[in-house]
Amino acid sequence: MNAVPRPQASPAHGSRLAALNDWVAEVAALTRPDAIHWCDGSDAEYASLLEGMVAEGTLLPLNQQTHPGCYLHRSDPDDVARVEHLTFVCTRERDDAGPNNHWMPPADAHAKMDALFDGCMRGRTLYVVPYCMGPIDSPLARCGVEITDSPYVVANMRLMTRMGVDALSRIEREGADGKVFVRGLHSTGELDPERRFIMHFPEDLAIKSFGSGYGGNALLGKKCHALRLASWQARQEGWLAEHMLILGLETPAGDTHYIAAAFPSACGKTNLAMLIPPASYRAKGWKVTTVGDDICWMHPGEDGRLWAINPEAGYFGVAPGTSAKTNPNALAMIQRDTIYTNVAVTDDNQPWWEGLDDRVPAFDWQGRPFDPANGPAAHPNARFTVRARQCPSWSPRAEDPQGVPISAIVFGGRRSTLVPLVFEARDWTHGVQVGASMGSETTAAATGAVGVMRRDPMAMKPFCGYHFGDYFAHWLSFDKPGAKLPKIFHVNWFRKGEDGKFLWPGFGENIRVLEWMVARVDGSVVSGEDSDIGLLPTRTQLDLDDIALATEDLDRLLGIEHDAWAVERDAAVADLNAYGVRLPVGLGSSDPA
Ligand code: GTP
Ligand code: SPV
Ligand code: MN
């Protein structure tokens, strides 16, 4: 039962847009909810949703003295991450989805999903959630409506997107001009992993998701809309929808450079986006502001540059590893008005996770008394959901309807061996090749084995809504006369020594690498060594003065192992060649030059 807040009488009166009313009525006829609630996005509605979930026991208030407005949701233990093997892109032509996606014919997918949705909302409330991805007045923003029977999803959508009456007005205004909104239908169903599917229909801008309440599977504005469907739309319309953070880097000279960075899930986007430079850098005037931490939509501007918006309005961040040392901005922002999912709690009911501090938790993520024999106290993919504006480093430019101009694009993976701290691509085409060849060790953000090296081009393997061959060609197409494209770099914060420890201190110290990048962008530093993988900084170009690094560790972090790289490149080329005839000429060749 989830009959909160009080439903409206009839779906027919929800919107001025007939297409929306008709769709809601159609979904209600299929799913048979007890009540229908059109979300307005108000504070009162949010409060009443939380209250309802607390009453039914699906949300637990945390310590309100230390964490006002904070709550804990414990998910079903089998529903803790994205399920890539159950995620499909259902294009009319199989080849349009590409070998990078699971595919099903649209008619079969609809039949399968509609059978699951049949009567699934009996005894529940159907929520209509209008949302806008991007600043509400931005020409670059796109709208959608999610229908869901999960108040947890509604509350999370309220934090993560511009949700409610303003979004509905825009949808109605655009609908009157014939513009289509993204239709996302979601039900948590019985949370049976055997009856769980996330289906995308890019040609119809539609999503159907059943059987999971977890973030990327259920908050349909995020990965389903803003990446899988948006990447499809972006290709048709000449822009890019990417799995990237956006940060503003203020230099001592007073310039601000905006940098977009694509790292796979749980590989450091939130942390880099909220970086606090070490004291010596702060004293010189370096500062980082946060525009976005997960998704970036980039449009070519009239000036030839790429202009980016963050389509989201909140953060759905990884809790484990977040601490006053690693990410003080994040820790500060999640002290209030935050929904936690699958963290542990201390004996005085504060949220806790591995890496936070040395307290010992009282209960683990499943609510069991903590026993290390059961594994980590917090689930490794435990998350927080919070409004973006609560971040101390939040950039007001996140609300700029025109977005921000991008100076540099960074690709990076979690690679314990081989891949150096940083290198620069020679040009755009080489940069696309570097991005397309990216590999990373898998994390807990998706179900399956952790720590396995997998090719994850542009950190988009789970999120590109069409054929990767076409996607790489689309990237290459931005290099045309008049374009002032960003420089492209590759980083790796995760290189390990023989003792299994990270060689590079990471986090705030990553500013040293960003500093080199903007010096390259400004032209104030001439390029370093042209190696077989790209341009490397020389030792003197990186400011490493006051960090303790043994010379042999530094050699490893900054050097190239030529033989091992040759093997890596052959492997990357072989993987790229799997994209067959749609792979742009040159990308699959073993000679990158
Ligand atoms: P998604 O939200 O899944 O897309 O992840 P993300 O890319 O935003 O990753 P996030 O910043 O949340 O980091 C994931 C994990 O990597 C956390 O446990 C971090 O503490 C850790 N991490 C982030 N940056 C660094 C770094 O510079 N060095 C090391 N060693 N670990 C890092
Ligand atoms: C990711 O897995 O990349 C995330 C979390 O950002 S989710 O919303 O589940 O996709
Ligand atoms: Mn992500």
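Including glycine, each Cβ sits where the backbone N, Cα and C put it.
Just so you know, TrEMBL annotations never went through curation; they're auto-generated.
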Of ARG235, ARG359, ARG414, ARG539, residue recorded by TrEMBL at the GTP site of ALA266, CYS267, GLY268, LYS269, THR270, ASN271, ARG383, PHE507, GLY508, GLU509, ASN510: ARG414
Residue in SER138, SER265, SER437 which TrEMBL records at the substrate site where ARG82, TYR214, GLY215, GLY216, ASN381, ALA382, ARG383 also bind: SER265
Inter-residue Cα distance where the pair is THR270 (GTP binding site) and GLY216 (substrate binding site), in Å: 16
Minimum Cα separation from GLU509 (GTP binding site), reported as the residue among binding-site residues ARG82, LYS223, SER265, ALA382, ARG383 that achieves it: SER265
Close in space, distant in sequence - THR270 (GTP binding site), Cβ under 8 Å, 6 or more apart: LEU245, ASP293, ASP294, TYR315, GLY317, VAL318, ASN327, ALA330
Of GLY215, SER265, GLY268, ARG383, binding-site residues neighbouring ligand 3, Cβ under 6 A: SER265
Using Cα positions only, nearest of the binding-site residues to ALA266 (GTP binding site) (ARG82, TYR214, GLY215, ASN381, ALA382): ASN381
